[in-house]
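Report on the structure given below.
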């Protein structure tokens, strides 16, 4: 009996030693061969069905990424009612990413009535989360509650994480709040959930709450909070977190360092980001990717390419890095390096990726190699809508519209057309001003179901406007269910482009009524309307809005304000805007020079021109047009010619036709008709109607009829589409009394479908605009105006006024000619203004055409007789009439 007991004790001790040795060997096995040898010993000893060793083997094979061997071990013990073995296989499958199979085993386990325990559920819940299987996740959660395991810490953590990964943050928070016990993992699960789902404010709030609860953050906490700091650009929180990382020694963790790197790039803090990278003891592919992409996003393209070259010597970049570098090549137009990266991708055996190919198409197009773009496109096995749109965009950039339309036809067949394609195709019809193509695209848009897309509709509004179909543009606008700010800006710009400023102002008021806030583009659309109508009050209101919305520092806005005030008769306000601008570009200076020119302030325009050059701003073609124009309207002939000579001599700018036209105007306006004609004949460019028109206008004003007749013939030879030049020639023949020639020109205008712009003038009184046409008899107070004009005629006659009948260009009797002169639109506007404003107050009149010589004389008399300052803006410039004189000095 004693012998038997001793033997039994020895056997138990031997088994215990054997179990302990095998268990240690299993745990320490570091290679598959070692594991196989231990597995063989277990089988030899007949222990393969032991729940302990089978479970250990299943888990160990899973660690070596060998789930098939884990399956094999489990099948050898199946069927089994041992929960440990089921837990082991479910955990093994989850560990190897076989989540569907893991859930399958959980289902089999339940069917066999094997009761799960608290170790089963974390793995099952993780599988549900990984598969984003919300329905199964809810079922498992119910199972947990039925078994009374809802208070288990590990299961609770897994459930919080699962709901967070589902994006169900309300459920995650509810689960978190219901946990009786929480650890750092609980907090991490909730914080990372908020951060991953873009709820950065909440992520930071719960991080701060965890700190108040005394939870010491770990690397997982920090790597979840850093993206929240970056996303919110919360520099203060980010810097505090960085200090904590240094304090608790997490800076050596590569994931944390990568997070810090990314955060500082989002703060645009390049120096700190680079310092973190340089101090990293360990760097992985993510570290290099973050640095290279960060440099590229900050438009430091050259530096990002240099970093890429450093990276390839240490790590193999992934496609994210490569696409970032290809974008940089495109921005730098570096075709050679772009080709190098492309070859690297081919040699590196990178898996073909649609996104990378799309970026290659774009890169080659930006570098000017359209054939290479097409080659990449043609060899793509799988093309998405971005691929097609990228290729279409390439052809648009290279103005190859035929290929654009061919690709669009193929796209329609393959049903790859999206809203972006529609917008690009509309831009083609806009560029070509092809209304038929635009209408065809409009039909396709309706058929493809993009008729309610706001961006597409905005493009259609713009397309129809630029094709000259403002009514179609308005129809699209009116049929739109929603209007965004771009819609309003586009329709306002369309009104400006079509010249319908009244409609444009209505649109602005409607925009205000609908509560849409203007932006810089809106302001730049509105100000030209104020300029046209010379609506100074509305212009000042808009200026006030510019201050309220903080647009006053925007240079284009300042430039538009200078132009608006100058055209509204307030040179003083233009100068004030100019003086307040901290930054001035060539457009700013040109606007100011042009403003001085409009008011006959040629000397001030020349000083501004010299100041511009002194500040280092280089004048362009438009600036030279403005300064020569200013000299012309102030009789500064030598100075104007000197500016013209500077173009080629000092700035290597080839004079264009408009510069030659300004010089002709400069000479002829000062009475140097012969010199002007010689200049025209010596021009290296063929003179066009604008050149001959400048000369003819001066000939008519100076009374040089011989040259005028010769130039009129030249104008008629040009066959211009501008009616103004024909009218000018007709007027010359009318002065000469050649009425047959006048009738012939008028017939020619009619036959060619051209229309003469009727003369009109307008005046703004108490925020209301009053418009008068030449010979107009149908306006408020016509009888009173007519009576006043009669009285004024008598008063002027006493002062020595004699009507200049040369400015009546009709074959009628002299009395009728006098009546016609009295019916000129500016006289009607002035008389109306005299009747409806306080005596002694200044008047401001706007006219769409050039003031005639007789009206110019009459307005001088009126300013003296009525003791009024009268500011008149005609098609050329401003005239300030005061005490019987005009600011133009008869230079207009």
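Each residue's number is its place along the chain shown, starting with 1.
Just so it is clear, glycine is given a Cβ too, placed from its N, Cα and C backbone atoms.
The shown structure was predicted, so the numbers you read here are calculated from the model rather than taken from an experiment.
Straight from TrEMBL, the features:
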type   : residues : note
REPEAT : 82-116   : repeat 'PPR'
REPEAT : 152-182  : repeat 'PPR'
REPEAT : 183-217  : repeat 'PPR'
REPEAT : 284-314  : repeat 'PPR'
REPEAT : 453-483  : repeat 'PPR'
REPEAT : 484-518  : repeat 'PPR'
REPEAT : 585-619  : repeat 'PPR'
DOMAIN : 800-892  : domain 'DYW'
Same chain, outside the repeat 'PPR' (585-619) by at least 6, Cβ under 8 Å from its Cβ: which residues? 555-556, 558-559, 562-563, 565-567, 571, 574-575, 578, 626-627, 629-636, 639, 643, 651, 873, 877-878, 880, 887-889, 891
So if I exclude everything within five residues of the ends of the repeat 'PPR' (484-518), which remaining residues of that chain have a CB under 8 angstroms from its CBs? That is, six or more out. 454-455, 457-458, 461-462, 464-466, 468, 470, 473-474, 477, 525-526, 528-529, 532-533, 538, 545, 549
For the domain 'DYW' (800-892), what is the mean per-residue pLDDT, to the nearest integer? 83
Structural state census, the repeat 'PPR' (585-619) (DSSP three-state): 26 helix, 0 strand, 9 coil
